[in-house]
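Participant: Dumping what TrEMBL says about this protein:
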ACT_SITE  B:His456  active site, tele-phosphohistidine intermediate
ACT_SITE  B:Cys832  active site, proton donor
BINDING   B:Arg562, B:Arg618, B:Glu746, B:Gly767, B:Thr768, B:Asn769, B:Asp770  substrate binding site
BINDING   B:Glu746, B:Asp770  Mg(2+) binding site
DOMAIN    B:58-299  domain 'Pyruvate phosphate dikinase AMP/ATP-binding'
DOMAIN    B:304-357  domain 'Pyruvate phosphate dikinase AMP/ATP-binding'
DOMAIN    B:423-504  domain 'PEP-utilising enzyme mobile'
DOMAIN    B:520-871  domain 'PEP-utilising enzyme C-terminal'
Protein chains: 2
Amino acid sequence: MENKKYVYLFSEGNAKMRNLLGGKGANLAEMTRLGIPVPQGFTVSTDACLKYYKNGEKISEDIIEQINNSIEDLEKITGKHFGISDNPLLLSVRSGARVSMPGMMDTILNLGLNDVTVEKIAALTKNPRFAYDSYRRFIQMFSDVVMGIEKRKFEDLIDKAKGEKEVKYDIELDENDLKKLALGFKKLYEREIGKPFPDNPKEQLIESITAVFRSWNNPRAIVYRRLNDIPGEWGTAVNVQAMVFGNMGSNSGTGVAFTRNPATGENKIFGEYLINAQGEDVVAGIRTPEPIAKLKEDLPECYEEFINTAHRLENHYRDMQDMEFTIEQGKLYFLQTRNGKRTAQSALKIAVDMVNERAITKEQAILKVEPRQLETLLHPAFDAEDIKKAKVIAKGLPASPGAACGKVYFTAEEAKKHHEKGEKVILVRLETSPEDIEGMVAAEGILTIRGGMTSHAAVVARGMGTCCVAGCGSISIDEEKKVFKVQGKEYIEGDYISLDGSTGNVYGGAVKTTLPAVSGNFEIFMKWADGIKKLQVRTNADTPKDAKEAIKFGAKGIGLCRTEHMFFEVDRIPAVREMIVASTVEQRKRALDKLLPMQREDFIGIYEAMEGNPVTVRFLDPPLHEFLPSEEMDIENLSKEMNIDLQDLKATITSLHEFNPMMGHRGCRLSVSYPEIAEMQTRAVIEAALYVNKTKKLNIIPEIMIPLVGEIKELKFVKDIVVKTAEEIINKSGEELKYQVGTMIEIPRAALTADEIAKEAEFFSFGTNDLTQMTFGFSRDDAGKFLSYYYDNKIYEFDPFEKLDQIGVGKLIKMAVELGKKTRPDIHLGICGEHGGDPSSVEFCHNVGLDYVSCSPFRVPLARLAAAQAQVKNPR
Amino acid sequence: MENKKYVYLFSEGNAKMRNLLGGKGANLAEMTRLGIPVPQGFTVSTDACLKYYKNGEKISEDIIEQINNSIEDLEKITGKHFGISDNPLLLSVRSGARVSMPGMMDTILNLGLNDVTVEKIAALTKNPRFAYDSYRRFIQMFSDVVMGIEKRKFEDLIDKAKGEKEVKYDIELDENDLKKLALGFKKLYEREIGKPFPDNPKEQLIESITAVFRSWNNPRAIVYRRLNDIPGEWGTAVNVQAMVFGNMGSNSGTGVAFTRNPATGENKIFGEYLINAQGEDVVAGIRTPEPIAKLKEDLPECYEEFINTAHRLENHYRDMQDMEFTIEQGKLYFLQTRNGKRTAQSALKIAVDMVNERAITKEQAILKVEPRQLETLLHPAFDAEDIKKAKVIAKGLPASPGAACGKVYFTAEEAKKHHEKGEKVILVRLETSPEDIEGMVAAEGILTIRGGMTSHAAVVARGMGTCCVAGCGSISIDEEKKVFKVQGKEYIEGDYISLDGSTGNVYGGAVKTTLPAVSGNFEIFMKWADGIKKLQVRTNADTPKDAKEAIKFGAKGIGLCRTEHMFFEVDRIPAVREMIVASTVEQRKRALDKLLPMQREDFIGIYEAMEGNPVTVRFLDPPLHEFLPSEEMDIENLSKEMNIDLQDLKATITSLHEFNPMMGHRGCRLSVSYPEIAEMQTRAVIEAALYVNKTKKLNIIPEIMIPLVGEIKELKFVKDIVVKTAEEIINKSGEELKYQVGTMIEIPRAALTADEIAKEAEFFSFGTNDLTQMTFGFSRDDAGKFLSYYYDNKIYEFDPFEKLDQIGVGKLIKMAVELGKKTRPDIHLGICGEHGGDPSSVEFCHNVGLDYVSCSPFRVPLARLAAAQAQVKNPR
């Protein structure tokens with residue numbers, strides 16, 4: 001038998017023991033320590049939960065013994081007895097993980113009741129109806145939570161009782177009805193389980209604690225954890241607490257309150273309460289709660305104590321508190337306090353106010369706002385009134401947040417045309433492809449029938465910050481006839497619909513949208529963040545429009561400008577295709593000569609938009625077949641357009657087919673086979689920089705980034721082409737121009753040989769999308785098919801494409817950073833995968849010593865804040 | 001100016017300076033040191049070559065100065081003068097890399113001749129015809145090798161001269177004709193180059209040395225290096241040597257000889273010579289050389305000196321020597337000695353003989369046979385006489401070595417049927433697919449029209465040791481009509497053809513094949529190897545037949561038994577497909593129940609064949625869509641066969657489609673989604689072992705290998721299923737059975753987290769095929785499209801799928817070995833990728849401390865030898 005302590009009385013803990021006692025338990029202990037009135041109890045630790053799982057989902061004997069000892073202590077503290085007695089101790093059993101997971105796990109109240117104790121409670125409280133109502137609620141909760149008997153079966157018995165009595169509300173059932181109901185519930189239990197309902201309070205307790213441990217791994221908890229980056233190995237603690245009752249007369253009551261307004265941040269206690277009620281009654285919504293201020297009239301002493309304690313708690317925790325309280329016959333108890341959840345606007349205001357009040361430092365303020373929350377401030381939202389009247393006609397995947405309203409168009413061309421006329425448009429497609437880019441740019445929102453969270457539409461929309469609902473399968477579409485149908489109704493070109501990219505809802509008709517007013521607090525707060533952070537934040541932007549947007553959001557340069565996105569544009573795709581089908585170097589060069597002036601114009605626009613901030617241009621990356629059509633009809637059209645033989649064109653397309661295009665002929669491999677592509681791109685980059693530096697008096701230092709490098713000689717080969725071309729142009733121009741050549745680290749071999757690679761690379765940019773694919777050996781496009789099984793079985797708890805895998809991929813990154821710096825101590829290091837916009841990944845980048853992260857424009861503020869938080873947590 | 005020495009007189013070097021002086025240079029120095037008569041000279045080092053490339057393909061001034069100084073030294077040694085003089089020094093310039101690359105680089109003879117010196121030589125030798133013939137040869141060689149003027153243009157002038165004189169042979173041209181010709185050559189040179197032919201011997205020399213350096217990177221040298229694993233960074237040395245002439249009368253001559261017979265190994269000097277001749281004359285084939293023994297009659301003193309020196313050289317180098325010599329007016333010179341190339345049979349005999357002669361130790365003997373050579377001993381070859389009469393009708397890729405002859409059949413069924421009737425068959429297919437397996441097993445040889453060295457046919461054939469010619473595009477085939485056509489002739493079912501899998505030749509008609517008699521030396525030699533090596537050698541085998549073959553070749557167990565190959569067999573593919581299209585767990589289990597007895601039988605057969613040696617069974621690995629047809633017609637047939645709706649079947653096939661199947665739903669990901677597959681396979685493995693141990697009194701300890709693991713929890717999930725299933729069966733049987741569960745390390749993340757993985761894995765087997773793909777980020781199936789550009793540009797110098805990339809992939813392997821041992825010091829470590837059969841990769845495995853390599857049966861002897869060599873080179 002080991003001697004480890006698994007059970008802690010509230011009086012034995014404190015707020016710092018959150019990991020062991022869970023958030024709720026640690027705060028109950030802290031309040032106890034502060035002398036704040038708390039119904040006493042104890043916490044079964046998270047370690048006990050882990051042991052429970054290790055032990056084959058069974059609570060071990062030593063822990064049961066510690067629980068029983070704590071019950072004895074609690075009996076002494078409360079003067080009550082857990083079991084048959086004139087003053088029976090009733091308990092609540094609640095989960096409490098390290099971070100709050102509201103509603104995800106189970107709770108059992110009124111534990112300790114049985115046919116005998118219920119009578120004692122009835123006598124003690126002189127309220128038999130209350131006693132029997134509590135009893136039947138307990139049986140019902142226990143049966144549901146602990147034994148998994150369907151709730152509905154109990155509800156049926158209640159309905160039957162009400163039917164027999166011909167009444168409508170539960171409240172109309174009297175003590176006898178409830179007594180009969182409790183009896184009926186017990187019978188139902190015995191029928192379902194094959195054993196009588198447990199009368200022994202200790203048995204009830206152990207079963208309930210077991211049920212809470214078990215609920216840590218119920219499916220909704222697992223999903224919640226995945227969505228909120230909570231590791232499964234944390235486990236939950238269980239809080240066992242003496243019951244207090246707010247429904248023992250007019251000098252009793254219950255309520256919830258915040259020390260500041262969670263919606264606006266206003267510095268004024270905000271909350272509501274009900275006299276003579278239990279928490280459940282608030283939820284049931286039969287009675288309307290009163291604002292907290294009214295308590296001053298009802299129970300002035302309690303009010304004063306509450307207000308004083310609330311202020312004390314806020315001062316103590318130095319954060320806005322969310323509190324639950326109960327008044328039992330004139331005595332105030334705090335059941336819980338925690339840092340309150342709040343809207344983004346509120347979070348900013350509270351953080352700024354508390355600094356101004358000198359309650360916290362700027363560094364502390366920085367930690368009080370969730371980086372992800374900032375996103376909601378940057379996207380349009382529906383008008384709060386208007387949305388209430390709107391009708392949901394379908395629901396898809398919430399692929400890119402925000403709200404959008406506009407007229408339906410079915411092709412990129414139409415969307416673009418009508419956008420140019422000043423209409424607001426929604427692009428509706430079966431699925432989008434790179435050819436739709438211009439229509440997507442023009443649209444307020446994008447709706448696709450097929451495709452998931454990582455489909456083309458979803459990825460591109462998130463990058464642009466455009467609202468998108470994807471994979472809306474309940475809609476049937478006829479793209480040729482330009483009509484879609486849902487719920488029996490047809491929608492044609494020009495009809496209004498509205499999309500909510502944060503929920504996936506599609507509304508029939510127009511719903512007004514508003515851009516949330518970003519208050520001055522946002523700017524003040526972000527300035528603080530910028531002052532603190534060491535990590536620079538750049539953006540991934542491929543067009544002058546994106547670049548400008550990103551500057552507005554505080555980006556200090558472009559970390560990734562993907563040149564292929566330019567290649568897909570309508571005016572250049574013919575030349576791109578001409579290049580691809582070229583059968584000689586000369587033909588290819590002719591096609592590239594057509595692309596050169598367009599590409600140069602792109603870079604001029606981007607440099608100008610970036611106003612002298614650095615711009616990293618990545619050379620052509622995707623396999624060439626992505627630029628050619630795959631449908632028979634499109635191929636035929638193309639062969640006519642290009643005036644080349646259909647069979648020849650088909651043969652070219654066939655020869656470009658790849659079994660695993662992700663690992664195929666792409667990235668710098670294209671420049672190795674067709675050096676003239678790298679030549680043309682270098683020319684465009686350098687000529688544009690010379691032009692802009694001269695005409696705008698800027699000092700652009702272009703950074704040329706070679707993708708998909710796995711071997712130093714490969715990088716050197718392409719770099720030699722770049723340098724030769726660049727030097728020629730610069731020498732001829734007679735101007736001065738600095739430029740850098742670097743590489744993406746996105747192939748494991750590049751990370752493993754980064755000391756070699758750094759001999760040629762002046763900078764590294766970690767391409768964590770590909771690096772994740774290669775390191776895990778799974779394709780992002782295909783992983784959807786099996787990852788759900790991995791989540792269900794808790795093998796992976798988060799999507800490694802959203803949150804960087806710090807163990808495996810992170811190890812490669814750390815290795816590459818160390819090896820790279822060994823060769824070239826001043827090597828410039830960044831990240832340009834989508835992880836650059838994920839807070840925990842940004843923190844990792846800070847910790848391993850990168851110089852910058854690059855993310856999509858709308859994620860820039862988030863990344864700035866995450867970078868500042870990382871510096872506060874781990875100064876460098 | 002640096003002071004580094006780049007040029008060495010022969011008298012300054014020795015045999016150990018091979019890396020610096022090249023093989024030829026080091027041996028010329030060594031012979032000089034030993035006092036053996038060598039025409040004196042000097043060697044320009046390999047470092048000079050590297051400097052030449054670093055210096056932009058230009059020989060730097062300091063090296064030119066050293067060369068000039070060495071010329072002065074040489075003038076002193078020879079008493080001749082390099083330039084205008086009565087006794088002019090003529091030189092040869094020859095390449096000489098660290099290892100011999102015969103014919104790959106350039107040679108220039110008779111350097112130093114010009115219009116003046118040619119006359120001096122004519123006078124000195126009293127042989128003007130000889131002088132002018134040498135002169136015109138020099139001009140021709142210099143023009144071709146140094147300046148790149150086409151040889152043909154010179155040949156045309158010679159033809160013209162013979163035409164004018166109405167003679168047939170060069171020898172019929174007299175001194176005047178040759179003088180005129182030399183003049184014509186010089187004019188031709190001037191016309192082509194725009195400058196006169198260089199008269200200055202020093203200019204001739206520097207240009208020639210430059211040409212030799214340049215020839216290090218000519219295309220044929222690059223290809224040769226890739227085929228022979230010679231790194232480009234070695235560079236070549238250049239040997240500059242005084243000319244001696246074997247064509248100065250009847251007391252002169254030239255020849256080549258070996259100290260033992262290079263074909264048979266017989267311990268007797270073997271060689272031939274010509275009196276009054278130069279090396280070229282032997283090649284020209286106008287005169288027939290005499291056997292070396294005849295020299296005893298012609299020039300007895302020279303003969304005696306030659307024989308004595310030859311023996312001395314063999315004793316000195318302790319290896320069979322390949323020597324070139326020239327006799328100039330009664331004086332014997334050795335122009336070269338080197339370890340002679342030899343056939344596999346000869347190599348074995350020489351190694352065994354020399355140990356018996358106590359000339360070398362067994363360890364030294366082990367190093368004298370190239371592991372790759374052993375392969376030729378194990379495959380059938382064509383009858384030497386018969387093949388001379390055969391007609392090549394087409395040439396494909398030499399996909400799997402050996403010779404085969406048989407009747408043509410166009411389907412696997414027909415091939416199998418006729419094989420069972422006792423016919424020898426050749427399977428001819430457009431390309432093969434897994435369904436063809438049984439036909440491939442039945443065939444003597446396989447011929448495909450499409451597909452490369454890594455196509456299905458090629459990979460499977462190599463695995464089975466069956467001869468295969470792949471990608472024979474000049475043949476047109478009609479599989480339905482069962483006919484193929486080539487060179488205007490049609491071949492139908494039952495026609496004989498013959499294949500040479502080592503050259504890619506296809507012969508029309510039957511050619512007799514013979515299995516080379518493996519002499520007793522093979523067994524003696526391999527026993528020595530086994531006694532020395534520390535690394536065990538296992539085999540990759542999926543059938544009892546393969547397993548038996550491998551045992552014969554000395555395998556000590558199976559390192560990789562791929563269960564999916566069993567799934568493809570005709571009698572089980574219906575059940576496999578039933579499993580795949582199952583829409584419920586029950587349906588899937590029903591299908592798996594049908595597979596269980598078959599799979600169990602497979603394992604019983606394999607265990608019995610392995611006679612108690614360990615067997616590692618890998619669980620199902622490929623994506624499920626590989627088991628379903630892709631052609632419209634096959635799908636229709638299948639829907640009828642299985643009696644399921646065509647649309648449903650198509651929907652299943654569509655839903656299984658993957659963008660990057662290599663990184664898709666495969667490996668242990670299948671067991672995570674469908675645990676019942678792992679259950680069935682465990683059952684088959686364990687039940688078979690129990691049965692065999694009981695009935696055959698063996699002690700099989702099955703090793704279950706979980707593929708494609710990237711995360712410890714994933715392995716644990718599958719392992720838990722395996723252990724639970726296995727324990728149930730073992731407990732029920734009442735028998736004892738040990739088994740192991742381990743994993744493949746083939747995903748970079750597994751290597752990076754091997755310390756974690758080792759907590760669950762009892763063994764690691766490195767799956768270097770996939771590990772190479774993921775680490776390089778390229779797909780083996782697609783890399784062919786761009787790797788040729790990489791070879792051309794010397795970015796990669798070998799195929800990382802054939803020879804392990806020790807820098808990148810190797811780093812991951814080393815890391816995984818260290819991490820794995822840290823967690824589990826006795827972890828068992830092996831490799832089962834195709835690299836297990838590559839000598840340099842085997843050496844790497846020895847050096848990093850693996851316990852075994854596993855390779856295809858026919859490669860087992862090779863791996864055993866490579867393992868022994870590794871131990872000799874780096875004892876552990």
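Note that Cβ sites are derived from N, Cα and C of the backbone, with glycine treated the same way.
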Participant: Excluding B:Arg562, B:Arg618, B:Glu746, B:Gly767, B:Thr768, B:Asn769, B:Asp770, which residues of the same chain place their Cβ within 8 Å of the centroid of the Cβ atoms of the recorded substrate site?
Facilitator: B:Leu560, B:Asp621, B:Pro707, B:Met744, B:Ser765, B:Phe766, B:Leu771, B:Cys832, B:Gly833
Participant: Under 8 Å Cβ-Cβ to anything in chain A: which of these recorded positions pass, B:His456, B:Arg562, B:Arg618, B:Thr768, B:Asn769, B:Cys832?
Facilitator: none
Participant: Looking only at the domain 'PEP-utilising enzyme mobile' (B:423-504), what is the mean pLDDT?
Facilitator: 87
Participant: Measuring Cα to Cα, how far is B:Gly767 (substrate binding site) from the residue listed as 'active site, proton donor' in Å?
Facilitator: 6
Participant: Using a 10 angstroms cut-off on Cβ to Cβ distances, just flag whichever of B:Glu746, B:Asp770 is the loneliest among these binding-site residues.
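Facilitator: Among the binding-site residues B:Glu746, B:Asp770, the sparsest Cβ neighbourhood within 10 Å belongs to B:Asp770.
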Participant: Within a 10 Å radius around the Cβ, which one of these binding-site residues has the most neighbouring Cβ atoms: B:Thr768, B:Asn769?
Facilitator: B:Thr768
Participant: Treating G and I as helix alongside H, and B as strand alongside E, what does DSSP give for the domain 'Pyruvate phosphate dikinase AMP/ATP-binding' (B:304-357) in helix, strand and coil?
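Facilitator: In the domain 'Pyruvate phosphate dikinase AMP/ATP-binding' (B:304-357), the DSSP-based counts are 27 helix, 17 strand, 10 coil.
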Participant: Is it possible to get the count of other C-beta atoms within 10 angstroms of the C-beta of B:Cys832 (active site, proton donor)?
Facilitator: 28
Participant: B:His456, B:Arg618: which of these recorded positions has the sparsest Cβ neighbourhood within 10 Å?
Facilitator: B:His456
Participant: Going by DSSP assignments with H, G and I as helix and E and B as strand, what are the residue counts for the domain 'PEP-utilising enzyme mobile' (B:423-504)?
Facilitator: 18 helix, 29 strand, 35 coil
Participant: How far apart, in angstrom, are the most distant Cα atoms among the substrate-binding residues B:Arg562, B:Arg618, B:Glu746, B:Gly767, B:Thr768, B:Asn769, B:Asp770?
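Facilitator: With B:Arg562, B:Arg618, B:Glu746, B:Gly767, B:Thr768, B:Asn769, B:Asp770 as the binding residues for substrate, the largest Cα distance is 15 Å.
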Participant: If one looks at the chain holding B:Arg562 (substrate binding site), which residues at least 6 apart in sequence have a CB under 8 angstroms from its CB?
Facilitator: B:Asn540, B:Asp542, B:Arg618, B:Asp621
Participant: Between the Cα atoms of B:Cys832 (active site, proton donor) and B:Glu746 (substrate binding site), find the distance and write it as a whole number of Å.
Facilitator: 10
Participant: Cα-Cα separation of B:Asp770 (substrate binding site) and B:His456 (active site, tele-phosphohistidine intermediate), in Å?
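Facilitator: Approximately 16 Å lies between the Cα of B:Asp770 (substrate binding site) and that of B:His456 (active site, tele-phosphohistidine intermediate).
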Participant: To the nearest whole angstrom, what is the C-alpha distance linking B:Glu746 (substrate binding site) and B:His456 (active site, tele-phosphohistidine intermediate)?
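Facilitator: Rounded to the nearest whole number, the Cα-Cα distance is 21 Å.
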Participant: Measuring Cα to Cα, how many angstrom lie between B:Asn769 (substrate binding site) and the residue listed as 'active site, tele-phosphohistidine intermediate'?
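Facilitator: B:Asn769 (substrate binding site) to the residue listed as 'active site, tele-phosphohistidine intermediate', Cα-Cα distance: 15 Å.
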Participant: Inside 10 Å of the Cβ of B:Gly767 (substrate binding site), count up the other Cβ atoms and send me the figure.
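Facilitator: Cβ-Cβ neighbours of B:Gly767 (substrate binding site) within 10 Å number 27.
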Participant: Look up B:Asn769 (substrate binding site) in the DSSP assignment and report helix, strand or coil.
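Facilitator: It is helical.
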Participant: Check the DSSP secondary structure of B:Arg562 (substrate binding site), expressed as helix, strand or coil.
Facilitator: strand
Participant: To the nearest whole angstrom, state the Cα distance for the pair B:Thr768 (substrate binding site) and the residue listed as 'active site, tele-phosphohistidine intermediate'.
Facilitator: 18
